[in-house]
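*Asks:* One structure, as structure tokens, below. Some questions next.
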Amino acid sequence: MAPSRNGMILKPHFHKDWQQRVDTWFNQPARKIRRRKARQAKARRIAPRPASGPIRPIVRCPTVRYHTKVRAGRGFSLEELRVAGIHKKMARTIGISVDPRRRNKSTESLQANVQRLKEYRSKLILFPRKPSAPKKGDSSAEELKLATQLTGPVMPIRNVYKKEKARAITEEEKNFKAFASLRMARANARLFGIRAKRAKEAAEQDVEKKK
């Protein structure tokens, strides 16, 4: 590997006939063609289902650095499916991914994904298992004629940014200490239980003193 940026200049100590062990990438163009053919074969195999696979939930990226962005998750939580009125076993059969390990930590995420599931159900064209005997919930014959295979992602997720208009900075904003406030908030969250315990012990001691 060539030296990059302001690091130490390396002195590679090669042994073991390294020239016979150089990793080459001559298969890259053929690999690209193979991947494309595999995608096309899968799309033909699963038709008329969406080529990109089942619908995925909207999740927020972890850590402070990335939590302003949303992306596709692994699967919908059991709570989201329950609120949307879809059985977990049925969900997988109609192109909805399920992840039983996932937990909803906010009402907003739950509501957003429930809304996503309801919108998906309203747009879904469901083929009957037996064309001669359609069941309740299956799409009508007119809808089945309109069905085409979706090639892109199912209901793509977009990051929406709200642009704010330029305005004058207030005195309160100038005096606000962002880093100190974050440190204080973290400290308060960390020490919440200890402080509650101390307050309880102090109250008990006061009661004993009064006796």
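Cβ atoms here come from the backbone N, Cα and C positions, even for glycine.
This is the feature table in Swiss-Prot:
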- Lys123: SUMO2 cross-link (CROSSLNK)
- Lys145: SUMO2 cross-link (CROSSLNK)
- Lys174: SUMO2 cross-link (CROSSLNK)
- Lys174: SUMO1 cross-link (CROSSLNK)
- Lys177: SUMO2 cross-link (CROSSLNK)
- Lys16: N6-acetyllysine (MOD_RES)
- Ser52: phosphoserine (MOD_RES)
- Ser77: phosphoserine (MOD_RES)
- Ser106: phosphoserine (MOD_RES)
- Lys177: N6-acetyllysine (MOD_RES)
*Asks:* Where Lys123 (SUMO2 cross-link) and Ser52 (phosphoserine) are concerned, what is their Cα separation in Å, rounded?
*Replies:* 17
*Asks:* Please report the three-state DSSP label of Lys177 (SUMO2 cross-link).
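*Replies:* Its secondary structure by DSSP: coil.
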*Asks:* Counting Cβ neighbours within 10 Å across all chains shown, tell me which of the modified residues Ser52, Ser77, Ser106 comes out on top.
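*Replies:* Of the modified residues Ser52, Ser77, Ser106, the highest Cβ count within 10 Å belongs to Ser77.
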*Asks:* By a simple count of other Cβ atoms within 10 Å, which of Lys16, Lys123, the recorded positions in the record, is least packed?
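*Replies:* Result for the recorded positions Lys16, Lys123: minimum number of other Cβ atoms within 10 Å at Lys16.
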*Asks:* Of the recorded positions Lys16, Lys145, Lys177, which sits closest to Ser77 (phosphoserine) by Cα distance?
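*Replies:* Nearest in space to Ser77 (phosphoserine), counting only the recorded positions, is Lys145.
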*Asks:* Validating a neighbour-count step here. Other CB atoms within 10 A of the CB of Lys145 (SUMO2 cross-link): how many?
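*Replies:* Result for Lys145 (SUMO2 cross-link): 9 other Cβ atoms within 10 Å.
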